[in-house]
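Visitor: Got a structure for you, questions after.
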């Protein structure tokens with residue numbers, strides 16, 4: 001048996017007798033199981049509820065009576081954001097974003113009814129999910145369990161004995177690291193099983209699941225290295241513990257909040273109120289699409305007349321009111337999308353700023369990677385909103401086409417006529433089907449965060465290697 | 001007093017203690033600064049939207065001035081409402097970063113306007129704010145632990161314990177040392193907060209509550225540290241036990257409680273009422289207009305004398321069915337709010353068990369940034385919305401044209417000046433339990449080191 005493995009085995013034996021280690025491991029395992037079951041159950045019920053609401057909204061849309069198509073465009077439609085299967089592992093921003101989007105003509109609404117506004121302040125303490133446990137609690141357990149792995153030998157004088165038997169100090173440190181890694185493996189196991197189960201049961205794809213598994217394994221490896229390193233560097237166990245606890249507090253608790261706050265104040269976000277007024281102003285300048293005689297649509301009218309080779313809108317074979325509606329919707333959607341993109345870009349600038357601090361706190365890098373791969377980050381939410389907008393645009397334009405094709409201009413401008421068209425038309429409308437954020441794109445987006453984690457790993461590994469080798473000199 | 005100076009010198013000479021105290025002071029000061037900055041930003045935003053909203057209303061008035069048509073004015077004019085941060089809001093920003101503090105409404109159905117969200121970055125909100133509540137509830141206990149975990153074991157491990165106990169009475173020695181550390185930690189937190197509250201002009205009562213929260217929460221953690229120290233474990237075991245307690249009380253148990261709470265009190269009526277209100281409003285186009293008017297007059301007899309509807313479109317019918325739409329979901333609305341309030345109440349009850357939750361709830365109550373503050377704002381919006389409707393109805397139901405001068409008399413949102421939230425007595429009582437732990441710890445201090 002190699003000396004490294006022998007030292008690891010001895011350390012394992014010590015760990016198994018350590019009450020804190022065993023109690024901590026037991027608690028964390030129970031907690032992970034509770035979190036995994038709860039998160040899976042929450043995802044299942046939330047997704048089922050949203051699915052039920054979606055089919056209710058689909059029914060209500062399809063079961064409208066005969067109506068004027070523009071009435072239908074104002075009746076509008078609801079779409080509900082389905083919950084990504086991997087939200088059962090890392091729900092990310094799900095609780096902080098609305099999941100209900102109301103679609104109507106000439107308006108772009110925000111997603112409403114997020115959990116955060118419907119919860120007491122308890123939600124702000126964090127959510128009990130497997131990701132939270134691995135990100136926040138697991139490193140702490142490794143600190144408690146491993147902070148004295150080398151210092152114990154040093155304080156009791158056994159390190160000197162080991163070294164005098166011809167062991168290299170690097171070998172001692174490697175043995176300790178190996179033992180701690182074994183323990184970290186046990187910590188990771190329940191969450192890993194929950195994750196693999198998501199893939200094996202066919203709910204989630206294998207690629208993101210495996211990437212998440214590797215990322216969290218790297219995360220615990222990183223902390224095992226950090227703990228072993230501290231235990232090598234500090235002379236006394238209590239100093240190593242205090243140093244590691246301070247490091248944990250700064251990296252896991254303090255920096256994520258501080259950096260987020262910083263990003264929020266460096267890149268300020270306009271209120272929805274202000275944006276709505278600016279949009280309204282520009283919208284007025286586009287012309288009123290309800291009025292075919294609006295001068296802002298004169299050029300459009302001339303073009304249409306020329307296209308059909310007629311001299312007045314009354315001679316057109318189609319309903320000009322519907323055409324103006326189509327053109328107005330095109331113009332206003334462009335305007336809305338411009339403003340929406342501005343907001344998204346501001347948000348992305350904020351997130352990019354936070355991401356840069358991943359070099360300072362690997363917690364940020366891991367969180368970015370985890371949320372992105374799980375499909376519960378802002379990009380994935382944006383993906384939903386954009387699909388919702390596309391669906392809204394297609395829906396309204398289809399109704400505008402119905403107005404121009406099914407109703408004559410003479411009827412449509414007669415205030416005494418209701419001009420209802422058959423309800424069979426809306427029954428033929430396609431339902432909203434959310435396409436999840438493509439996995440390969442998500443993986444590509446997560447790559448920089450992965451690189452940061454790897455850089456942290458490489459730096460810590462070489463430091464441990466370097467200082468572990470020098471430990472012998474310090475003792476002698 | 002010489003013991004005081006002596007002990008003070010001891011603390012200040014220890015690099016760890018001095019660094020810890022200075023760091024806590026810096027963190028608390030930074031949190032207060034960040035909070036004040038954010039509150040100022042919100043005040044600025046509110047000041048910015050006021051004139052902007054006026055311009056928007058003026059543009060609507062100019063567009064429809066010559067028509068004198070009250071319906072177009074009612075349909076197109078938005079009204080600004082705002083929820084200015086309280087003087088103590090900087091302490092705990094709470095829901096103010098995810099819920100709108102400025103919202104515009106118009107005379108149409110309120111229920112489709114009231115739940116409008118705010119544009120915020122959910123990833124930043126997920127991390128939470130770096131405010132004073134965070135420093136107190138999460139970080140302050142860590143500093144208590146750092147200063148107190150080796151109170152006795154440190155002396156024992158350095159070999160001074162026997163000597164110390166032989167020249168002084170153990171109980172009073174430890175009590176003095178803990179009291180001094182407690183006072184220093186309290187000062188590090190209290191000085192920035194008091195400065196911030198004086199700057200923002202918060203009331204003395206609010207300041208009293210906040211200081212009571214800080215004092216009680218610290219007392220709890222000092223008491224717990226003494227109780228652990230009384231076990232006479234080595235330093236590392238003390239630190240492990242205390243950190244374990246901190247993780248349980250601030251990270252694990254609140255999240256577990258949140259799981260239990262969201263499961264026990266599901267709140268999905270929000271979506272239900274939105275769907276129901278839409279059906280009610282748009283259904284009005286399918287039924288005889290006279291039926292709608294009859295239903296409206298039944299609940300609003302003051303407009304019964306209004307002339308019968310003409311053949312074509314009439315705005316009074318349009319606004320009437322919007323109001324009926326709101327009224328038809330009144331039950332759903334109260335069920336939704338009851339669910340939210342139940343969540344809030346159970347959180348407060350949880351404060352009896354978890355001091356962190358209790359301190360969090362109290363700070364957010366004083367700051368007026370919790371769920372209740374949000375519901376209060378919604379109530380104020382609803383009240384103002386009623387005024388807007390009342391303003392237009394005489395013109396609509398009596399077929400009076402609306403002139404420029406009439407329009408200038410339209411209601412203006414008057415924010416009720418909220419200095420800071422009022423705190424219930426029972427919430428303070430829950431804090432009293434913290435003192436129970438604190439006193440217990442002090443009582444145990446006599447036994448410290450005697451084994």
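The first residue you see is number 1, and the count goes up from there.
Cβ coordinates are placed from backbone N, Cα and C, and glycine is handled just like the others.
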Visitor: If TrEMBL is the reference, give me the range from B:241-265, B:266-290, B:291-315, B:316-340 marked as transmembrane segment.
Guide: B:241-265
Visitor: In TrEMBL, which of B:182-199, B:344-361, B:362-379 is labelled transmembrane segment?
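Guide: Checked against TrEMBL: transmembrane segment maps to B:182-199.
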Visitor: Name the range, of those listed as B:182-199, B:205-229, B:241-265, B:427-450, that has the largest tally of Cβ pairs under 8 Å with the transmembrane segment (B:132-152).
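Guide: Looking at each of B:182-199, B:205-229, B:241-265, B:427-450 in turn, the most contacts to the transmembrane segment (B:132-152) are made by B:205-229.
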Visitor: Out of B:182-199, B:241-265, B:427-450, what stretch is closest in contact terms to the transmembrane segment (B:205-229), meaning most Cβ pairs under 8 angstroms?
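Guide: The stretch I would name here is B:427-450.
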Visitor: Residues of the same chain, at least six outside the transmembrane segment (B:427-450), with any C-beta under 8 angstroms of its C-beta?
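Guide: Here the qualifying positions are 151-152, 155-156, 161, 164-165, 170-171, 174-175, 178, 209, 212-213, 216-217, 219-220, 222-227, 229-230, 232, 348, 351-352, 355, 358-359, 361-362, 365.
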Visitor: Do any residues, 6 or more residues outside the transmembrane segment (B:241-265), come within under 8 Å Cβ-to-Cβ of it, and if so which ones?
Guide: 137-138, 141-142, 145, 149, 224-225, 228, 231, 233, 339, 342-343, 346-347, 350, 353-357
